[in-house]
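Here the structure comes first, spelled out in structure tokens, and everything after it is commentary.
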Amino acid sequence: MTTRTAPSAATTTPRRAGLRKLLFTETRLYLREPLTAFFTIGLPLGLLLVLGSAIPGFRDPDPALGGERIVDGQLPAMMILLSAMTSAFSVMPAVLAVYRERGVLRRLSVTPASPAALLATQLLLNLATTVVAAILTVVGGHLVLGTRLPGQVPWFVLVFLLGVTALFAIGLAVAAVVPNSRVAGGLGAVVMFPMLFLAGMWLPRDLMPEFLRRISDFTPAGAFGQALRDSWGGATPQALHVAVIVAWALAADVFAARAFRWE
Amino acid sequence: MGIIEITGLRKLYGRQVAVDDVSFTVEEGEIFGVVGSNGAGKTTTVECVSGLRAADGGTITVTGLDPRRDRAELRRRVGVQLQDCSLPDKLKVGEALDLYASFYDRPADWRELMEDVGLGPKRNTAFAKLSGGQRQRLSIALALVGAPRVAILDELTTGLDPRSRRETWELIEHVRARGVTIILVTHFMEEAERLCDRLAVIDEGRVAAIGTPADLVARVDGGQRVTFRAVSGADDVLRALPEVSGVVRDGDTMTVTGKEGLLLAVTSALAAAGLVPMDLRTERATLDDAFLSLTGHAATDAS
């Protein structure tokens, strides 16, 4: 049953102090689950540093990548994707599904704060985690492994923000359709692993057969990963990839806004 | 003019009528019960009052506000305790109260409230580690932390053990003493009888009766009952009395039912006839009996 009992932003003016406290409280709860921060920040950074230093070939110019070193663009870009997708597809939908099934969202809807504020808080918190993970990946990789810093910083930042927006919009769409928290975890994984594969997590896009790379071009993670690598290497990302990312972000947002249930 | 006025409330779910032509008025400062069996439309009624659902017909005013049109203001004035709502497992008692207090412009002192509901020693306990009774008391405290004029409490003691239930009842009486008007939704007649100043019996989406618990009990035919050891000749003497509605003889025991004043009428008539009733006992109908006679079924049969 789709119930539209959620308040619209126009009818509620929750106090700012309340919103600050909500963000503070949600952050506290987030940190009380140490595994979450491990999977979203620790694991991507750890994989980058361990793989980057343990596998010698990763630090040599790779002819298959056009002479680029794997640690310079491919590996850190994939780790940023891994972190963003873990937050967007696994952490956030699970928390929102729990909040919905346990009536936390409904409970908030009878106070001057709205459940939309809690949703916004969760988005903000998970976005912040992704940003922290990305900064640590870029800076940590540079300091420890001597990886290249992003060459096209404005494009890199723009692509990062657009890509993360698209992934989180899809995460919200997942949270909108799952009936409970158990399904949220499963569906998140079902979305995440094929996407990671198509983005080139296990097989870099440069090594993919033509048809697979074509498919990858039109997936949010494939387009995001390639655009991130391009701007990292100093090139301007392809218009196709930017357009694909924006299209996914819009489509998923519209879907999530229509389908999201508060109770 | 009551603090809450409901006139001709109607609510449909699809084609099914959940609430039909429900009207009642709640006066400021009273505990008003909305009682009925599961699925009778109690929760739907109070969800319309709290603005969670839009009514399909009728009017509702709460402290002069329309629950849907003036939702933002309504939420500042009405505290709601909902059925089946919990908090995140790792949120601590003090944090939850502090957080909810921050939503309001002029909240109650949450530390004081925490002491009042007996959760002071549990301030740093996570929600998941609380007992059922403690969770319920926290839930009541959260409904009151905004210092509301009206509190709506839905199925407050369902699932609690008898001791926690009694403690919760005492708490509600303290809340009333603060001057908060309370709507109490329940299917426990004992709870309604103990706490409510007045109540509305809802059955199949309609109001079956409204009154004080004593009123409703008094309306029960045969609300008063007198039993004694049977003596021959008593039947005819008693049947002639206007207060008596029935006389049943079951073996050695005679049960006389009737209205107010039954006991006095029975004893004086028997004395006048020279008959001595032994093991004389008198019983009064309960709200459970009243509910049964108003609706034709028991309040708790479904649960």
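Every residue, even glycine, has its Cβ placed from backbone N, Cα and C.
Feature annotation from TrEMBL assigns domain 'ABC transmembrane type-2' to A:35-263. The transmembrane segment annotation in TrEMBL covers A:35-55, A:75-99, A:123-143, A:155-178, A:185-203, A:239-260.
Among the recorded stretches A:75-99, A:123-143, A:155-178, A:185-203, the one sharing the largest number of Cβ pairs closer than 8 Å with the transmembrane segment (A:35-55) is A:75-99.
Listed by sequence, the residues of this chain that lie at least six past the ends of the transmembrane segment (A:123-143) yet keep a Cβ under 8 A from its Cβ atoms are 23, 26-27, 30, 37, 40-41, 44-45, 48-49, 52, 71, 76, 79-80, 83-84, 87-88, 91-92, 149-150, 160, 164, 168, 171-172. Listed stretches A:75-99, A:155-178, A:185-203 were compared with the transmembrane segment (A:239-260); the greatest number of C-beta pairs under 8 angstroms is found for A:155-178. Under 8 Å from some Cβ of the transmembrane segment (A:185-203) lie the Cβ atoms of residues 74, 78, 81-82, 85-86, 89-90, 93-94, 170-171, 174, 177-178, 212, 215-216, 219-222, 224-226, all in the same chain and six or more residues away from its ends.
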